[in-house]
Amino acid sequence: MAAILEMRGIGKSFPGVRALDQVNLSVEPGEIHAICGENGAGKSTLMKVLSGVYPHGSYDGEIVYDDQTAAFRTIRDSEARGIIIIHQELALVPQLSVAENMFLGNEVASGGIIDWKRTWKRTRELLAKVGLSEAPTTPVGKLGVGKQQLIEIAKALAKDVRLLILDEPTAALQENDSAKLLDLMLELKAQGVTQIIISHKLNEIRRVADRVTVIRDGSTVSTLTRDEITEDRIIRDMVGRDMAHRYPDRTPQIGEVLMSVRNWTVWHPEQPRKIIDDVSFDVRRGEILGIAGLMGSGRTELAMSLFGRSHGRNIEGTASIAGAPADLSTVSRAIEAGLAYVTEDRKELGLILEEPIQRNISLANLAGIASGGVLSAGRERRVAEDYRRDLRIRTPGVNQRVMNLSGGNQQKVVLAKWLFTDPKVLILDEPTRGIDVGAKFEIYTLMNQLVAQGHGVVMISSEMPELLGMCDRIHVMNEGRFVGELSRDEASLERIMALILQSEGKAA
Amino acid sequence: MSTTDGEVTKPGLGAQLGGHLRENGMVLALLVIVLFFTILIRAMQGVDFLSAQNITNLFLQNSYVIIMALGMLLVIVSGHIDLSVGSVAAFTGAVSAFLTVKLGWPVFAVIPATLLMGGLIGAAQGYWIAYWKIPSFIVTLAGMLVFRGLTLWLLQGQNIGPFPREFQAMSTGFLPDFISEGKPNMTALVMVALAALAIVWSGLRGRRSDAAFGVEPEPAGLFWGRHAIVVGALMFVGWKLAQFRGLPNVLIVMSVLIVIYAFFTEQTTTGRRIYALGGNEKAARLSGIKTDRLVFGTFVNMGVLAALAGMIVTARLNSATPKAGTGFELDVIAAVFIGGASMSGGSGKIIGVVVGALIMGVMNNGMSIMGIGIDYQQVIKGLVLLAAVIFDVYNRNKQG
C-alpha cells in the first residue's frame, strides 16, 4: 500500500541545537502509527514540522503527503489538507461553550453572522460520534479533562480530518477516560482515519498501534511492525547504549541520614484529589538520591511542597533534617532548616534576569551580606567573586546581568545562590534542562563535589540516563506515589519503566 | 541559548555605562531645560527665571510631588501602582484641618494623627492588594473615588481654614539663621556646602570600593565632571536661597526623606527585597522573601507619605479645600516614570525620581511664567513623559 505520508531526511536546527537530524517516517493509510522517544528526543518538533508550525523552508528534508510534496507555511495550510494535530495542552477556551469551541475559527456562518441553529445541530452530531451527549451550550470549563479531550477530537472531525495527530493524549487522563479515548481511536481507524499517536505509555501503544517509530536524539532509530512491538524492544531503542563517560566518576562515601521524610501527603491546590500520596524517603550524607518518573508523576510537586509548602494544600507528614524535626512551613523556615531547592525552571522561578549576578547570588541569604539590615556591597561582591571562581561561572564580571549568560552559567548562578544559604540537603529539579553537553558535565562534577563535601542531594530528572549515571539510589515515582526503590546496581531503564508500568492505574 | 558555555558574552562599553549614562542623561536634561527657560524668559520678558524667589517657589510648589514620588517609586518597583494618592492627600489634609481648626488640636498632635490616618488608609488598600491579589489598579482606583468622596463629606463642600502659624510653618516656614543676621543667610550656605561635600565624599567612597573589588570604575574625568556640575548647581541654588529667606522647612524635610529613601532602597535588605519582588515575584518567594508582607508595607508607606504631602499642601494653601490634590497622582506617577522606573517593576532609583519630579516641576513653573496656556502645557508635559519612556525602552532594547 502506498504511504499517505512520507517524511524523508527531516532535519531542524535551533540556535546551538540540532533538534532533528535525518528523521524518516512513513505512515500508511488507515493505520495507527505510534511515535516513541524520550523527553527531548524530538517527537514534538517533528510534529510541528509536519503541521506547518515550522514553515516549509525552515527545515531540511522532504514531506510527501497524498503523493504530493507538501510545503505548509502555516497550520491552516496543513489543516486545509486534513492534517489535524491535538496538542498535549488542550487548545480549548474554557469560558466558551462546547459549540463555540467546536467551530472556533471555522464558524458556521454566512456573511459573518453565526447560524446558531445549524451550529448546535452539527455539534450534536459530532459529539455523538465521539460518544458524548453534552448540551452544545455547556461551557467547556465545566467538563472534565477526559471529555475535553474528546471534544478536541470532535473538533478535528468537524474539519474533515484525514490524518489525526494526538500528542500524549492520555497524559492527563484517568484510567477509564484513557480507555474510552483508545476505543475511540480504534473506532476512527475503522472509519478510515489515519492516526499518529505520541505516547510514553507503552501499554497503550501496544493496544492500539499498528506500527511504532522510535526516535532518539533527533534521529529515527527503528520502525517496528505489530509483531515486533514489545516494551523491552521499544525501551532498548529509545535509550540506546552509548552511555559511557557522560558522567564524571565518583566513589560514594555515604554517611548517616541527613534528611528524612515520612508519610508526606499533599492535595491538589484546587481539585479534591491527592497529588502526593504517602511518600517516605531518606537522604544520606554524601548521597545522590534520584527521583525518577514521567512528566506529571508528581516529582516537582513533591519538592515544591517540601520546600516551604510552595505547592498544594492540606499537606500532611513529617520531615527531619540532621536528626531534628524540621519546620518546613515557609520557604524561609525551610532555608533555615538547611534545605535548598533548585527549581526546574530557572528563568521563571530561579533568577531575576534583569539583575546582576551578585544580586542573584545573595538573594536567598541577604542576611549573610548585611549587618543590622544594612547591606555591604563589598561583602556581596566578595561572595559573588568566590562563587564565580569556585563554580567557574564564565562572565566578564559579577555585575553582569544574568540574562546575558548562557544556560549553563545561569544554572551555576542558581546553584551559587543556594550554596550561599549553607544548605545540608539540596533538591535539584531538572538541573541540566536546556543546557548543552559540556555544561551538563560541569554540573554533574559540581554535584559530585557537593556530596563529597558532605551535602545530601536529591536529583529529579526526566532524563533517565542521567539519573542512572549520577545517582546512588533511585526512587521511582508514578501518579504521586513512590512505586519502587532501586540501588545503583539494580537500577536500569528497563526496571524503572517496568515499575512505572506495573503501577499504572493502581492509585486509589 | 544564544551563546555556548565556552565563550563569554562581553557587552560593549556603551552597555556597561548604560546605567550611568541614563542617570547622567536625566540630570543633563534637567539642566538643559532650566537653561532653556532661563534664556527664553530673560529674552522674552526680561525676568530672571533663576531668581531667589522663583527657586524658593519651585521647591515649595513641588515638594509634595517629590515626597509622594518617593513612596510611589517603591509601589511601582514592587510591580504595582497607586492611583489614589491625590485623593488620599486631599482627605488627610482635610482631616488635619478638621482636627486643627474645628477641634482645636495642637500641631504636635495633629501631625502624628494625620500620618497615622494615612498609614491606615494605605493598609486598608494594601490589604486587598497584597493578601487578596486584587489588582492594585482597581483597588486604588476605588480608593481614588472613595477618598475624594470622603473629602467632600468631611468638608461639607466648603473650605476649612485658616491655620495657626505653627501649622503653616510646615509648608511656608524657613529655617532661621543661627549663625549670622541679614543677607546672605549663612546657615543656608553652610548646610548646602555640607550637603555638597557629603555627595562628593560618598561618590569617592563608592569609587574606592569599586576599585577595591576590581570593578571597572567610571573614568575619572567623567566622575569629576559630573560632580562638578552637581556641586556647582547645588551651591548656586544654595547661594540664591541664602539671598532670599534661607532654607524652606519643606526643602529640609524633603531632603532628609530623599536621603533616607535612597539609603533604604540601595543599602538595606528590605529595600533590596522590594526590587527582587518586582523583578521576579515567584523567584523572590522561592528565595524565602515574604512578598505579600512587602507589598502591604509599600502601600502603608505610600499612605503615610500621601498624608504628609496632604498636610504640606493644606498648610501651603492655608485651607483644606474639596478640590485639593486633584490630578496629583498623575504628576507623581509621571515623575516616577520620567525618572526611569520600569512599568513592569523591579527597577528605578530614588535619584531618578527626584530628577524626574524636578523636570516636571521646572516645566510647569517655566511655562506658567512664560504665559503658556494650560492647554499647551498639558500637551507638552504629556509628550515629555512619552519621550522619556520611549528613550528608556529604546536604550534597553539596544542593550538587549
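Using N, Cα and C of the backbone, Cβ positions are placed for all residues, glycine too.
Curation does not apply to TrEMBL; its annotations are automatic.
Copied over from TrEMBL, here are the features:
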TRANSMEM  B:25-43  transmembrane segment
TRANSMEM  B:55-77  transmembrane segment
TRANSMEM  B:108-128  transmembrane segment
TRANSMEM  B:134-155  transmembrane segment
TRANSMEM  B:186-204  transmembrane segment
TRANSMEM  B:224-242  transmembrane segment
TRANSMEM  B:247-264  transmembrane segment
TRANSMEM  B:294-313  transmembrane segment
TRANSMEM  B:350-370  transmembrane segment
Listed stretch, out of B:55-77, B:108-128, B:134-155, B:186-204, B:294-313, that has the most CB pairs under 8 angstroms to the transmembrane segment (B:350-370):
B:55-77
Determine which recorded stretch among B:25-43, B:108-128, B:186-204, B:224-242, B:294-313 has the most C-beta pairs below 8 angstroms with the transmembrane segment (B:55-77).
B:294-313
At least three Cβ pairs under 8 Å linking the transmembrane segment (B:294-313) and the transmembrane segment (B:25-43), pairs spaced 6 or more in sequence?
no
What residues elsewhere in the chain lie close to the transmembrane segment (B:25-43), defined as a C-beta under 8 angstroms and at least 6 residues from its ends?
49-50, 226, 229-230, 233, 338-340, 352, 355-356, 358-359, 362-363, 366, 369-370, 391
